[in-house]
Amino acid sequence: MISFTELFQRVALLVLTPKCYQVFFYDLDFFNGTCIRSALSKGLGFGIVGGSLLVKLPQVIKVWQSKSAVGISLVNVCMDLFAVTANVVYSYSSQFPFSSWGDSLFILFQTLLIVILVFYYNISKRAASAFAFIYCSLLFLLVSDIVPNSFLWNAQFVSIPLMFYGKMTQGYVNYQNKSTGQLSMATSILLFLGSSVRVFTSVQETGDNLLIWSFALASFANFIIVTQFYCYKSGSPVKTKKKTKKNKRL
């Protein structure tokens, strides 16, 4: 049976390096700045990973229940999907700690579901199925050893302006409609908080400027969208157009 001391050590080592564990519990240096920042970063990282399981669920539920994706920019959700995919594949290939990118993996699956729903309600069921098949095939290819790391680095680099452009497109759609449509306020706020914290954890755990800039720009763009919920809170969602007979046959 595992002793309490051994169990405590195993749990502590989830957020502490062996060196910092010794600094805290053997040297009793509880105010070591480097270890405090490291532990805080690890703890926040795992917290974000856990929270990411539900971060986009309010958006998925809102679209599913309303049977409508009105007001949601297809460009934005596709750029979001591209950015989070590039982040996951790049971080995985770079062997960064899971606590620094695990949330992106869970957000990837939720974003994919949102994109499929937008295709389904705004275009057709056939388009949604085709997109899902093509995307899953490409994702399998990217995580294999076939694709060189230099390509993944370039994909992550390109994803930064594309992600920012996609979110600005959503912001412009909100501005035109004077409404946030079917966007979920809870999801938008969680994305803003998550990307903001990720700036700190990326600095502490990876030191990768590419990831740091990516999360910094995402935080700024998410802040703009969150602000729009308060600016247009009295506005009503845009009316959906009635489907034509041609659309019903698709």
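Even glycines carry a Cβ here, placed using N, Cα and C.
Of all ranges given (1-19, 20-38, 39-57), TrEMBL attaches the label transmembrane segment to 39-57. The transmembrane segment (69-92) makes contact with the transmembrane segment (104-123), as judged by at least three Cβ pairs under 8 Å among residues 6 or more apart in sequence. Sequence-distant contacts of the transmembrane segment (130-147) (same chain, six or more residues past either end, CB-CB distance under 8 Å): 81, 85, 89, 92, 112, 115-116, 119.
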